[in-house]
Amino acid sequence: QVDAVRVYVNSSSENLQYPVLFVVRQQKGVLSWQVPLIFRGLYQRTYNYQEVSRTLCPSEPAPETGPSDQIIFVDVASMAPFNIAYELLVTRLENFQLETNKPFNFTASPSQPQYFLYKFPQDVDSVIIKVVSDAVYPCSVVSVQDIVCPVYDLDHNVEFNGVYQSMTKQAAITVQRKDFPGEQFFVVFVIKPEDYACGGSVPSSIHGNVNRTWNLQRTKNLQVTIVPSIKRSVYIQAMFFSFLSFLSFYLGSVVVAFVHYIRVRRKASAGRLSPEDGSGIMTSSHPITASTPEGSSYGAIDESSSSGGRQLSSPERGPPAGSDTDSSVEEESDFDTMPEIESDKNVIRTKVFLYLSDLSRKDRRIVSKKYKIYFWNIITIAVFYALPVIQLVITYQTVVNVTGNQDICYYNFLCAHPLGVLSAFNNILSNVGHMLLGFLFLLIVLRRDILHRRAMEMKDVYTLDYGIPKHFGLFYAMGIALMMEGVLSACYHVCPNYSNFQFDTSFMYMIAGLCMLKLYQTRHPDINASAYSAYASFAVVICLAVLGVVFGKNGMWFWVIFSMIHVLASLALSTQIYYMGRFKIEGPDSDLGIFRRAAMVLYTDCIQQCSRPMYMDRMVLLVVGNLVNWSFAIFGLVYRPRDFASYILGIFICNLLLYLAFYIIMKLRSSEKLLPIPMFCIVATAVVWAAALYFFFQTLSSWEETPAESREKNRSCILLGFFDDHDVWHFLSAAALFFSFLVLLTLDDDLDTVRRDKIPVF
């Protein structure tokens, strides 16, 4: 048992010019202070305390000498020319050493800090120090320091040694035996003279209350409990669980592929092969005619119109499918040099009813090359984006480890399991699902791509007129984006804070954007955005996100500008979608003719046709979409949410969900059907997203608040004693994104046996 002594002093003098000086001399150290004890706060405000109580640094008896008496000298002095009364009381602490799993209650104040000793039991390698209080204020600091004298237990020096964190109602620090060679440490509790560090009110002036005596007005009741942390076996179980859970997706994919292979083989042996048999794999060169049902609204155009479109596109037909090479000589512009082609585009794309054959007229090889740029560009972006991020978060973690300041990173400290130099390994491990499922999606897309290439090499040109054109570049880009989301989310959780949250959301923007582009590309393969313009748009969004993080909290001017950009961008994009990229206001007249042309277009298309737009389905989608986006703009302008990155992500996700719902409704309205696999993926996506969002909204920390306020939201682990709610969100969101990608990949497999001049565009 370690003996500790506490010295209490009190003086009735409030004269700051002549304080009473107390010096305590021990065998291995000297401790001194003055009464009144002065603490300094913000704006150089001073707080005076006439009652001071300090615990002297204990001296543990040596094993060879045994217990012995301790000699302590207390010197009292003052330069005052008059007598000053004081009170001195020395007591022996009965409960100086904390015990495992045993709560201990005590009281502390700025002038009466407390600290206690804890020794690791023989079978415990790691413990969690849990501190709770019923009162939010006064603000306090919990520190863990090595057994070294002097102990830093005042507001101005508690940050000089060890690990520390600020606290309002709750704090938790994980301590490992390996960090303390003596297998013991001090737990120090300091009450701050002001509360602004914990989110309290900030002093408004440097005047007033300069000589006010505070004494015991800022006391706080605390309870400390030290509990053993998890054992190494739990780390191993958690890693096995993480990898095996997602490797089961690989097993399921192999089973589905094997069942599909058996089904194709049986059909081949029975001689019942269709032009394309699922998964975009052609199995016969004999054309099969499929027609749209009689009741479909897309039957308004007769066969001559569609066939005429195909005849006009004949100059753009490339060589046979067997010569599918990626020649660097051929460019997309080679097929757009004739003025007749340009006028043909205007005629075809502005028809009231469009079919896929009207928008898949360009050479397949050239269009495939165009979409492969998405894949190569996102790899380049990922490398250049991720390397500085990794370097930065390593620096953050190093600063946390060196300084001991645990207010830098916003962890869930009640479920933060360290490993090596990482403070919260569980938050990093839970992102493995994004990487594993992203790689699995790449393998699935690669399989489809290879089988499609093989089928194309065996067939003639005529079979190219069946089904949705197979371009896999965007799918590859989506797989890379999913993997990078896991990497960057893991980087963010190395040290989550206000400054690096955009790392966790940047590739979320890209995933949502790529999904919308892929959905649009499905039935508009010739007029989708190029990779360069798409990634440039993502870059603008990320720049706006950074500006929003910096200026969005208090800058009304930023929200006005952003809302204007948002609304104008929505209108411009809606115009391009409505007119299939053929909207132009240029005229043969002078520059003033442009404005006349714009006014005429506005009058003709928006006023005269208000009751019955030329493209009703597109108009409904765009009106609803603009209402949603304008609502977001108004919401941001009025409420100015602090989490600007999540606000932008919400805009992307809502637009994606709106477009996907429109696409599925129009697909069913056109008498198309959903095959079992895409139907299963849609249901799985909805269920897993619902479960994932439940855990996402279980807020465990918030960098929008002070670190102490954020810790009030901390909760214990819920899965295997290792993962918290946010880790479960990582697991489920990875699976939900994977199923979402599969929906886009398999949604139109039912059209593989339908001619393109029978597939409507919407």
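A Cβ is built for glycine as well, from the same backbone N, Cα and C atoms used for every other residue.
Predicted automatically and left uncurated, TrEMBL annotations should be read as such.
Database features (TrEMBL):
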TRANSMEM  238-262  transmembrane segment
REGION    272-336  region 'Disordered'
COMPBIAS  281-295  compositional bias 'Polar residues'
COMPBIAS  304-314  compositional bias 'Low complexity'
COMPBIAS  327-336  compositional bias 'Acidic residues'
TRANSMEM  374-394  transmembrane segment
TRANSMEM  428-446  transmembrane segment
TRANSMEM  474-495  transmembrane segment
TRANSMEM  501-520  transmembrane segment
TRANSMEM  532-551  transmembrane segment
TRANSMEM  557-579  transmembrane segment
TRANSMEM  619-638  transmembrane segment
TRANSMEM  644-665  transmembrane segment
TRANSMEM  677-697  transmembrane segment
TRANSMEM  728-747  transmembrane segment
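Using a cut-off of 8 Å between Cβ atoms, the transmembrane segment (474-495) and the transmembrane segment (728-747) share at least three residue pairs, counting only pairs 6 or more apart in sequence. Residues 278-279, 426, 429-430, 432-433, 436-437, 440, 443-444, 447, 677, 720, 722-723, 731, 734-735, 738 of the same chain lie 6 or more positions beyond the ends of the transmembrane segment (238-262) yet place their CB under 8 Å from a CB of it. Count of Cβ pairs under 8 Å against the transmembrane segment (532-551): among 374-394, 557-579, 644-665, 728-747, the largest is for 644-665. Here the transmembrane segment (501-520) touches the transmembrane segment (644-665). Their Cβ atoms form 3 or more pairs under 8 Å, with each pair 6 or more residues apart. Residues 473-474, 476-477, 480-481, 484, 487-488, 491-492, 494-495, 500, 503, 506-507, 510, 514, 531-532, 534-535 of the same chain lie 6+ residues outside the transmembrane segment (374-394) yet bring a C-beta within less than 8 angstroms of a C-beta in it.
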